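S.K.: Relevant sequence annotations retrieved from TrEMBL are reproduced here:
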- 165-214: coiled coil (COILED)
- 1-14: compositional bias 'Basic residues' (COMPBIAS)
- 70-79: compositional bias 'Basic and acidic residues' (COMPBIAS)
- 77-207: domain 'XLR/SYCP3/FAM9' (DOMAIN)
- 1-81: region 'Disordered' (REGION)
Amino acid sequence: MPPKGKKATSKSVKRPQDSSDTQSDDVIQRRVPRTPAEQPVVIEISDESTSSDQDDQQARESVQKTAKKRQGDATESHLAKKKQFCQDVVTSVKSLSEKLVSIYKRQKRERNMFHSNYSKSLQSLFQQWDMSVEKVGQEEDSFINSSHQHEKIIYNTMMAQKATIDQAKAISDQFLKNIQELEEKHKLLDALEQNRLENEMKNLKKKLVADNHQQDLAVLESCLHSMFS
């Protein structure tokens, strides 16, 4: 009987007979039971086929050994490909993790840079505003007897403070706008990286399925070839 899991082809095995015995021998056909992955095998056996049975048994054992050896080679190849696939997945995940960490660090540096720059700008404006307030106090003490000059100085100082506050407000608005644009840019980059990871995983899955299919076809072809040869 052929080894399980392999397809056998229908063929007849006859013991060589002399011309005088050809018509006198009764030939009996015996059908080997079919397993889920086998085709029926028809073997013709003569009544006087003791030595032929031994030859047939040896032939079947040889075929079984060859099929088992090929199956072992196929299994080893499949395990090697599976191991390589796992290594590829680990490498891809590690590469993506490194890229995400790099993106996070870059985003953090950019946020810190924006915060530092705008903090310096606002600090300078507030220092100017504080100096202006101090100057107003000094000028009030110096020109307390001159109401006209005092009012003029206060007016100019108020306008300068108003301009400083407006400038600070404009810088703050620009800072918030830039922060919002930066967050949107980071979200877009995160979405692109996530999409790329999903595409890589799909491609690896397709590759594994294709490799398994090709491996199964190769094993089947090898077994059929060993049966016919």
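Just so you know, glycine gets a Cβ as well, placed from its N, Cα and C.
Note that the coordinates shown come from a computational prediction; the quantities given were computed from them, not determined experimentally.
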S.K.: Could you tell me the mean pLDDT the prediction assigns to the coiled coil (165-214)?
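M.R.: Result for the coiled coil (165-214): average pLDDT 87.
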S.K.: Using DSSP, tally how many residues of the compositional bias 'Basic and acidic residues' (70-79) sit in helix, strand and coil.
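M.R.: Counting residues per DSSP class in the compositional bias 'Basic and acidic residues' (70-79), I get 10 helix, 0 strand, 0 coil.
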